[in-house]
């Protein structure tokens, strides 16, 4: 589990470590400066002693003072502390980066599984009739079915929009959703395709097709009154002609 509180406190922790690094660096520079001055002075004293004969020119016997050696050892300890502090800061940042990478991978996998789950369901199937076409003879039941169809179409559009790939956003006019279709889902309209988008129902209770896509029958807005498909209109005209 990614810990947001640790991430929020990371800048303050790093700031304290960097401040300590600066303090150690200042101390190291000061000790090194003092040691260089001390060593230079001791080297000059040794040269003068050799010239005056007070010091035997034997390299094995010539050495820096204990103070100079202690300063050098102290410098090494401070340098080691700087290295250890830098490693701690690096490990701290690296740990948070790894945790963040793991969280992002898990988040990406969750999004992909959710998208695949939506795409795998396909478009929602329409609610089947309890009987034959004659069961929708009443106007009230037809109004209920119209509302149901609208809800199903809206849900289908929402599912298609959620399941569409990111590239579809660059081409909003494209209607190719490339979604799997349930082979058992009933088909409608003169195009003999499954339900999608907005659909209109023929008000003839004996209509063989019942539901039509707006685009297939040239409808741009939902009819305010009764609407009949071209087949049913032709059938009504033939009946009147008789």
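Just so you know, glycine gets a Cβ as well, placed from its N, Cα and C.
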Exercise for the section: Would you mind telling me which of 50-82, 83-115, 116-148 TrEMBL tags as region 'Disordered'? Expected result: 116-148
Handout entry: From 14-41, 154-181, the residue range that TrEMBL assigns the feature coiled coil
Key = 14-41
Practice task
For residue 203 (site 'Histone H3K4me3 binding'), list the number of other Cβ atoms lying within 10 Å of its Cβ atom.
Solution key: 16
Exercise for the section: Determine, using Cα-Cα distances only, which of these recorded positions is closest to residue 213 (Zn(2+) 1 binding site): 188, 202, 203, 232. Expected result: 188
Practice task
Mind giving me a neighbour count for residue 202 (Zn(2+) 2 binding site)? Other Cβ atoms within 10 Å of its Cβ, every protein chain shown.
Solution key: 22
